[in-house]
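These notes concern the structure reproduced below.
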């Protein structure tokens with residue numbers, strides 16, 4: 001993808017740091033009322049008036065969070081923004097601005113960074129956030145992307161992780177496990193490609209799960225939907241590490257237990273078929289796969305009629321007193337303890 | 001400094017990501033009224049009421065911005081915070097919060113990260129800022145530190161880079177060139193150490209300039225001082241890349257020219273003596289050395305009596321109409337064009 005033989009290859013050193021920043025940021029437009037001053041000064045200036053400011057930051061590292069062998073740079077830029085916006089939405093807030101800092105080795109030509117910033121710009125446009133600053137520097141090896149996302153919310157709208165009560169319903173948006181199974185497909189194709197680089201894989205039966213991995217979306221729509229439905233969650237978190245890990249965060253911070261029902265976990269048919277093909281338990285994929293960027297939240301039982309039947313939302317369990325612990329109720333109706341598992345745990349299965 | 005034989009060496013993998021974040025952040029205290037929620041949720045929540053929010057971000061890369069052969073990790077953590085706070089003060093604002101994200105290879109034991117966070121905590125304490133979040137992840141090689149600094153200011157107090165007018169005076173805080181000459185000393189000692197590791201260098205005559213390099217301070221006091229003096233700068237920037245580069249930024253963004261007087265540039269005696277020892281022109285060091293983190297600003301001529309004689313401030317030139325260009329007036333009273341030069345340019349001399 002980024003090979004030396006590429007005729008359109010402009011060396012980063014030709015531009016210099018300031019030239020590079022100017023070049024990469026010149027097409028970003030400021031549209032948010034709260035952005036007083038964007039790129040170009042020592043710092044950006046924002047005005048949230050009587051609202052609270054919400055801030056989050058994530059660092060994405062080549063070889064750890066992404067593999068440029070199968071992640072196009074434009075998708076990577078898009079995803080780097082999305083994973084941060086997801087944290088803002090998980091506060092029931094509106095995302096308004098981002099800063100982007102990158103460290104890049106000189107093996108990347110300017111055209112590669114233009115691709116990366118093209119993805120960032122697309123995410124900014126679609127999610128209506130302003131890019132207001134950052135830093136561009138060199139690295140000895142690899143690509144590092146640090147994104148800070150900023151948002152705003154009225155105080156009474158903010159939802160933290162620590163407000164879940166016993167008997168609250170546990171609800172998730174969308175479906176789970178797609179991003180992890182998409183990664184499995186991509187990693188398999190990478191191995192096939194190593195053996196036979198002329199191989200043109202037919203990935204048409206995996207389009208949904210590959211897109212979930214390469215071009216995830218953040219649930220900007222869910223805080224809006226909940227407001228329309230008149231529902232304020234009692235606690236909320238986004239699913240970056242996997243369902244079980246996120247449930248444990250909500251339980252620990254809220255001081256409650258949980259019963260999660262295996263048969264309620266929403267799975268796309270492609271996740272089910274790919275899980276069978278790779279001989280992985282699809283429930284394990286949902287519990288530990290991560291990177292779905294769906295929202296997981298709890299609501300009071302009295303709010304159930306308001307969300308009932310909504311195609312975006314699925315009730316997957318309920319909270320319990322803390323001393324009852326955290327459990328998965330299996331399809332066979334056995335009760336097994338929920339453990340935090342990340343991808344590593346899944347790979348060790 | 002971070003050798004395998006160290007008996008106090010706890011592997012990062014023993015803790016896991018969440019354990020590591022919890023361990024490293026548990027001693028950080030929240031003291032700012034504007035911090036509603038710090039570490040521990042999807043995002044931090046801040047409340048700036050009727051003030052503007054100021055945001056900046058910098059990424060520090062091992063081998064590019066620092067060399068662990070002579071930078072102790074505690075100093076590095078401290079400096080990573082300082083360079084960002086400096087950008088907030090350069091807006092004439094008050095720094096209030098930071099987020100810190102690090103990517104680290106597994107060659108670093110927990111104790112090394114504790115040192116790093118010790119330096120971050122010290123900077124937070126001395127500069128009265130809250131650490132409110134961030135990310136901790138692994139890297140395949142090297143250490144990367146991304147800091148976002150957040151501040152606040154009344155709208156009428158904010159100072160941008162673009163407000164300088166012709167005839168305004170150009171003023172700098174403190175003295176210049178120390179950080180660069182400190183680096184020269186440290187790099188020489190590193191080479192000596194490679195040849196003879198038993199050598200115990202006597203660095204007592206370089207203490208000030210070494211401290212300027214290893215433990216720089218941000219000029220938190222200057223916005224406060226200016227307020228006390230009743231002076232609002234017309235433009236301001238911090239000196240991270242070197243005096244000439246920063247002057248060019250102010251001129252370009254304000255649409256003015258500048259005359260800078262060589263004999264007015266404030267230099268510490270250690271900078272002068274070390275420049276002689278290393279056979280470098282001390283004016284070049286001030287112009288291109290960078291990393292001094294002093295503040296450079298312009299004021300109206302009518303404000304001159306208010307700053308006259310202040311030991312923290314030196315008038316080093318004045319702004320001119322844009323068409324007159326940017327010049328250095330040398331001690332020999334010749335006028336030479338000012339060019340942006342960074343460290344690379346200096347090394348090529």
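The backbone N, Cα and C atoms fix where each Cβ goes, and this holds for glycine too.
Annotated Mg(2+) 3 binding in TrEMBL involves B:42, B:238 plus, out of the candidates B:87, B:202, B:268, B:279, the residue B:87. If you count neighbouring Cβ atoms within 10 Å for each of the binding-site residues B:42, B:241, the highest count belongs to B:42. In sequence order, B:134 are the binding-site residues among B:117, B:134, B:240, B:291 whose C-beta falls under 8 Å from a C-beta of chain A. For residue B:161 (ATP binding site), the same-chain residues that are 6 or more apart in sequence and have a Cβ closer than 8 Å to its Cβ are B:235, B:236, B:237, B:249, B:250, B:253, B:254. Most buried of the binding-site residues B:58, B:238, judged by other Cβ atoms within 10 Å, is B:238.
Taking the Cα of residue B:87 (Mg(2+) 3 binding site) as the reference point, the closest of the binding-site residues B:56, B:65, B:240, B:291 is B:56. As a summary of secondary structure, the domain 'PurM-like N-terminal' (B:40-152) carries 35 helix, 45 strand, 33 coil according to DSSP.
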